[in-house]
Amino acid sequence: MMKKTNKLMPSSFLVSLSHSITGITCCPPPASFQFHSHFLLFSTNKSNPNPKPHFPTHANLQQLLLEKSKTGFDKLDDALAVFDKMLHMKPLPSVYQFAQLLAALVKMKQYSVAVSVFRDMCVQSISLNIVTFNTIINCFCHLNRVDYAFSLLAGTIKHGFVPNVVTYTTLIRGLISQDNPAEAQLLFTNLVRFKVIQPDVVTYNTIINGLSKRGHISTAVMLFRYMEKKGCKPNTITYSTLIDCLCKLRLVDQALGLLHEMTKKGITPNVITYSSLIQGLCDFNRWQDVNQLLSEMNTRNISPNVHTFNILVDAYGKEGMINDAEDVIEFMIQRGQHPDVVTYNALMDGYCLRGEVDKALAVLETTMKRRGIVPNTRSYTILINGYCKKLKVDRAVDLFQQLPREGLSPNIYTYTTILQGYFLTGRHVEAQKFFKEKMMLNKGLKIGMVTCNTMLDGLFKNRCMDEAMSFFHLMQCNGLTPHIGSYNIMINGLCKNGNFEKAKIMFESLPSKDLLPNVRTYNIMIQGFLQEGLLDQASELFVGMKANDCLPDDVTYNTLIRGCFHNKKYNEAGVLIDEMVSHRFSADASTASLFLNLLESKEQDQNLLALRKRFLSPACY
């Protein structure tokens with residue numbers, strides 16, 4: 001029988017809370033959760049139909065379960081065999097040992113099996129406790145059945161147990177994992193308001209992590225300050241979570257501020273904290289700050305791990321600093337860290353960005369093979385992309401066809417790269433055939449907007465106007481809703497193929513589709529107006545984009561300045577140059593070349609001559 005506690009909250013309140021606090025409708029109790037019988041096939045000796053049962057002693061069982069609850073069993077059959085033997089032991093093992101068995105199954109990520117074992121424990125009237133209930137609530141959350149988890153919460157209360165902070169933290173984590181951060185926050189708020197639990201740092205970290213991962217950084221910081229106010233001390237995980245989120249949102253200076261705050265409070269950062277900051281600084285090419293953090297890690301005796309080194313290899317590779325990337329790999333080997341497939345993928349990507357695809361291929365065929373590292377689909381996709389960019393599509397196709405022979409399956413990115421390669425080399429007929437025969441007929445391939453936009457862009461650039469328009473309509477008929485990027489491709493394609501009026505109509509229709517033009521959209525249309533000789537309309541659109549809170553970029557200014565030059569509007573060009581410089585944008589090569597050509601002409605326009613000194617000043621370059 002279950003042991004009941006005397007420290008009960010009013011059950012009516014708790015049941016009401018579990019049913020209504022998050023707006024979730026509870027499903028039937030978990031005892032009715034249906035699983036196939038193979039989940040409870042216990043290990044037997046099939047060679048001997050009547051084996052002599054071997055029962056471990058309670059002491060041996062206790063030692064075994066203590067170990068396996070931390071690591072999990074090597075095989076599922078072993079875990080189920082132990083459960084079978086536990087059911088036949090006299091006396092029955094304690095509830096704590098059954099809880100350890102469930103914990104071992106969770107370690108093995110056998111959540112469905114754990115639920116089946118729990119159900120069988122109920123059928124056998126084996127004693128339960130709050131730990132076993134919490135374990136199964138956790139399993140339901142991992143199975144994306146938070147509704148069943150809340151049903152089990154009600155069952156927990158019904159059987160006389162008081163849900164604790166672990167119970168509710170697990171439920172909150174489950175809600176967040178199913179992308180319901182608002183409901184998780186509401187549950188937490190009500191638990192605190194009605195004093196059902198005293199949240200601990202794990203509870204706060206769970207919610208802060210969920211909010212951060214979904215970009216709600218301001219709310220996460222507010223909760224962070226609230227926990228401090230309530231006397232719950234943040235730990236390294238709390239700070240690391242917020243720092244990682246800030247870095248991903250490119251708010252790296254605020255993240256550095258939190259690092260300073262946590263060290264000032266005596267909370268020690270770890271390798272995860274520093275890795276997030278290094279990634280954030282690498283994104284801005286702040287190498288001096290990166291070196292300072294690496295030095296600080298060394299002072300604190302915090303060793304970079306493989307992930308930290310991979311961030312550096314990737315960052316150096318993307319900047320074309322391939323020698324630095326190789327130095328990092330050599331250094332990590334010296335420090336006893338083993339490069340993995342991610343490390344060498346980053347190095348290969350760096351070579352390909354420099355156009356040195358054959359060197360990238362040598363990394364895959366020689367270096368990785370020598371170190372016993374098996375390439376993955378991304379390894380080949382990087383090479384395929386590299387050869388496509390070098391216009392060596394046939395070589396890329398050879399690698400594409402090699403994937404199955406290596407036991408690998410190409411993914412949507414691999415297919416899209418080949419598609420783009422065909423278009424880049426003007427082989428649009430082969431591109432369309434590849435899309436229809438290799439992609440559309442592949443039931444395991446999910447074709448999304450990136451692939452469709454590649455198809456659209458390729459058709460337009462290869463002057464396949466009718467095919468592009470048909471494909472755009474086909475996308476919509478198949479339930480794909482084009483976003484602003486798709487419309488940018490369409491509008492640009494129409495402009496470049498002499499259909500400016502159609503492009504203008506499509507641009508004007510965007511509000512009716514609940515789409516906002518972005519700076520790319522405006523740049524395309526401004527260029528389109530200028531190609532039609534409509535400088536005034538282009539200037540009006542420039543004013544309109546600022547009124548719509550879409551800030552011009554360097555492309556916008558350079559395009560308009562060239563338009564003014566072509567139309568001999570030198571005074572207007574001067575105003576735009578001043579504005580461009582004030583925003584720290586520079587004249588591009590085309591604008592500078594056009595202006596220098598004007599200076600060399602015999603035209604003696606006073607406004608043109610007045611621009612010379614201003615335009616050639618260092619601020620413009």
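Note: Cβ is positioned from N, Cα and C throughout, glycine not excepted.
Record features (TrEMBL):
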type	residues	note
REPEAT	129-163	repeat 'PPR'
REPEAT	200-234	repeat 'PPR'
REPEAT	235-269	repeat 'PPR'
REPEAT	270-304	repeat 'PPR'
REPEAT	305-339	repeat 'PPR'
REPEAT	340-375	repeat 'PPR'
REPEAT	376-410	repeat 'PPR'
REPEAT	411-447	repeat 'PPR'
REPEAT	448-482	repeat 'PPR'
REPEAT	483-517	repeat 'PPR'
REPEAT	518-552	repeat 'PPR'
REPEAT	553-587	repeat 'PPR'
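Non-local neighbours of the repeat 'PPR' (200-234) in the same chain are 165, 168-169, 172-173, 175-177, 179, 181, 184-185, 188, 241-242, 244-246, 249, 251, 262, 267; each lies 6+ residues outside the stretch with a CB under 8 Å from one of its CB atoms.
With DSSP classes pooled into helix, strand and coil, the tally for the repeat 'PPR' (305-339) is 26 helix, 0 strand, 9 coil. DSSP places the residues of the repeat 'PPR' (200-234) in helix, strand and coil in these numbers: 26 helix, 0 strand, 9 coil.
Secondary structure counts, DSSP: the repeat 'PPR' (270-304) has 26 helix, 0 strand, 9 coil. DSSP labels the residues of the repeat 'PPR' (553-587) in these numbers: 26 helix, 0 strand, 9 coil. When pLDDT is averaged over the repeat 'PPR' (376-410), the result is 97. Assigned with DSSP, the residues of the repeat 'PPR' (235-269) fall into helix, strand and coil as follows: 26 helix, 0 strand, 9 coil.
Within the repeat 'PPR' (376-410), the DSSP-based counts of helix, strand and coil residues read 26 helix, 0 strand, 9 coil.
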